[in-house]
Amino acid sequence: MVQCFLRHSFPHDPIRSQESVGITHNFLNSSPCFLSKDSCNLASPILVQLDRGSLNIARPYGLLKPTALSKIPGRFQLHQEALPHLPVPPLQQTLDRYLLALQPIISEEELNHTQELVAEFRKPGGVGERLQKGLERRAKKTENWLSDWWLKTAYLEYRLPVVVHSSPGVVLPKQDFLDRQGQLRFAAKLIEGILDFKTMIDNETLPVEYLGGKPLCMNQYYQILSSCRIPGPKRDSIVNYAKGKKQSRHITVVHNFQFFELDVYNSDGSPLTTDQLFIQLEKIWNTSLQTNKEPIGILTTNHRNSWAKAYNNLLKDKTNKESVRTIEKSICTVCLDAPMPRVSEDIYKSRVAAQMLHGGGSRWNSGNRWFDKTLQFIIAEDGSCGLVYEHAPSEGPPIVALLDHIVEYTKKPELVRSPMIPLPMPKKLRFNITPEIKNDIEKAKQNLNIMVEDLDVKVMVFHQFGKTFPKSEKISPDAFIQLALQLAYYRMYGHVCATYESASLRMFRLGRTDTIRSTSVESLKFVQSMDSPDKSDQEKADLLRRATQAHRQYTDMAIRGNAIDRHLLGLKLQAIEDLVSMPELFMDTAYAVAMHFNLSTSQVPAKTDCVMCFGPVVPDGYGICYNPMDEHINFAISAFNSCADTNAARMAHYLEKALLDMRILLQSTPKSKL
């Protein structure tokens, strides 16, 4: 329970979109700027999403030719240095907004007690003012006062397994493979698409994204390839091999629990073509047909402290160390999965979501992974495909931008048949399994299988309408969906709860996320009125509109660096750093309730018809991610079977009803001028 409690402040951070604010791209070498109709932003393991509709980032057709870095020095760095620093919000403003955020979720008696603690904390010359000054000093001497703290607190010091508890998965549309060759050809094309995107990163020709006319931090794009998490006894670390003289030239391919180093560049530096990659993948397939190998990758699914011990033990052997380093240094991992047992069409997508998150357990594909790797693309024989990513280096948006690029790339026809120069055999990575390592694998299998059995995932495609409907009512699609989640939860449980939605802070240098608190005084008034016979439809519709406006205002406040959650966290961490006693404000029951996110949500808009998924962040909560398309909405809902009070399918049912009831309400009432 202690571990679960620590996690409360840090839900997943998939995405958030800003509707009416266009995100534009501009090439760092001052190519023209492309404006998109919709806009969208993503968030990370703490789910901060920003949303106002969905944000589809426009990209130029085709790719720029690689440009020598010497010609345009430091474009990325110049862009980054021009971005503003994340502000430290005014203390009194945050404390007032904190009390407002508590109103819907705690009793009047608890609120009165917290008001006394806040009054004490905010006294002139008191502890609050001293901690605020410490934060302001920190802000002056760092690039971003929050980013290092956030990385450590939300990710690297988080000790639960990354599987389910931290790493999000993405379910891509099913592919129709006629045979094994179809699977390998698609994998080859996907790899070529990854390398195509990598060229833009390497040459710093990635389009800069804009939100509301303001450029966004692009740093996360430079962290997602050639990077890996390394387990540590108390805190993990991240290594990145994208920079420096010896850049990664290979990917890792896993098949039947066996790992291979696949060089993806020719000797002249040009990337391998789809034809060449296909031949190399066939070689890998044909030399890894045995299905009785030890699933060494399953070690990465364990509790971080246990994995750190097993990792040090594993690396005592020179061969094992070389193999592990090869995986860590690779650009990314491609997992060629065995098919899952056939299931009915209605639960197929839910099964694939689980497959992306954890691999199905030790009997299936969980050993066909290295979960510490930032990016793992998964392609199964039966056409199921997607990815899972380690959350520490990046929020959702760069991942989805990469995915959109790859999906479009796989649709392109082959223009040139490449000459078949003989290529060396991909190197199989060897592991010496001692009895101690075998024992570590068995323990990891047991723990993983418990997690797999405990995770309840439901993917729901809501077909009745998409983001076009709320837009036609001049309502932010994200606010509309968030309000439907509030209504669904209230109808299920008779009360509202602390709700987390990720908001992107990428307007600022090295910005990550903050929290949009979707449960508000206004949302509570609406959900209480919705099934009340004492209110007219017009009154209910007006309350609905007011609640969506309040959500939008909170979103705008959050993306401009004025939300409350990261500021409160900063004050708490400043107290720890200053070695002062923890202020009572942070020991208060109300603070624990506010940080216990029963609803951890994220909007992750994408051009591709996909959906991101992640686990709940508290034992009695839900993880809910959604991708609003024009005429439908993809939802992924997760819960834990070990909690008798939560059920993903039941939440999906109530959510569907809430969305439909809200549409009927708006359609049956004239738009009033609020």
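Using the three backbone atoms N, Cα and C, a Cβ is placed for every residue, glycine included.
TrEMBL annotations:
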- H391: active site, proton acceptor (ACT_SITE)
- K467, K471, S472, E473, K474, I475, S476, P477, D478, S504, R552, Q603: CoA binding site (BINDING)
- Y500, S502, T513: (R)-carnitine binding site (BINDING)
- 86-657: domain 'Choline/carnitine acyltransferase' (DOMAIN)
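Neighbour counts of Cβ atoms within 10 Å were compared across the binding-site residues S476, S502, T513; the minimum falls on S476. Take Y500, S502, T513, the residues named in the record as contacts for (R)-carnitine: the widest Cα to Cα gap among them comes to 11 Å.
Here the C-alpha separation of S472 (CoA binding site) and Y500 ((R)-carnitine binding site) works out to 26 Å. The two recorded residues, K467 (CoA binding site) and the residue listed as 'active site, proton acceptor', have Cα atoms 27 Å apart. Using a 10 Å radius centred on the Cβ of D478 (CoA binding site) and all shown protein chains, the other Cβ atoms total 35.
Local packing around the Cβ, expressed as the count of other Cβ atoms within 10 angstroms, is greatest for H391 among the recorded positions H391, K474, R552. Largest CA to CA distance in the CoA binding set (K467, K471, S472, E473, K474, I475, S476, P477, D478, S504, R552, Q603): 25 Å, whole number. Around the Cβ of S472 (CoA binding site), the number of neighbouring Cβ atoms within 10 Å comes to 10.
In the structure as shown, the Cβ atom of Y500 ((R)-carnitine binding site) sits within 10 Å of 35 other Cβ atoms. In this structure, the CA atom of K474 (CoA binding site) is 34 Å away from the CA atom of the residue listed as 'active site, proton acceptor'.
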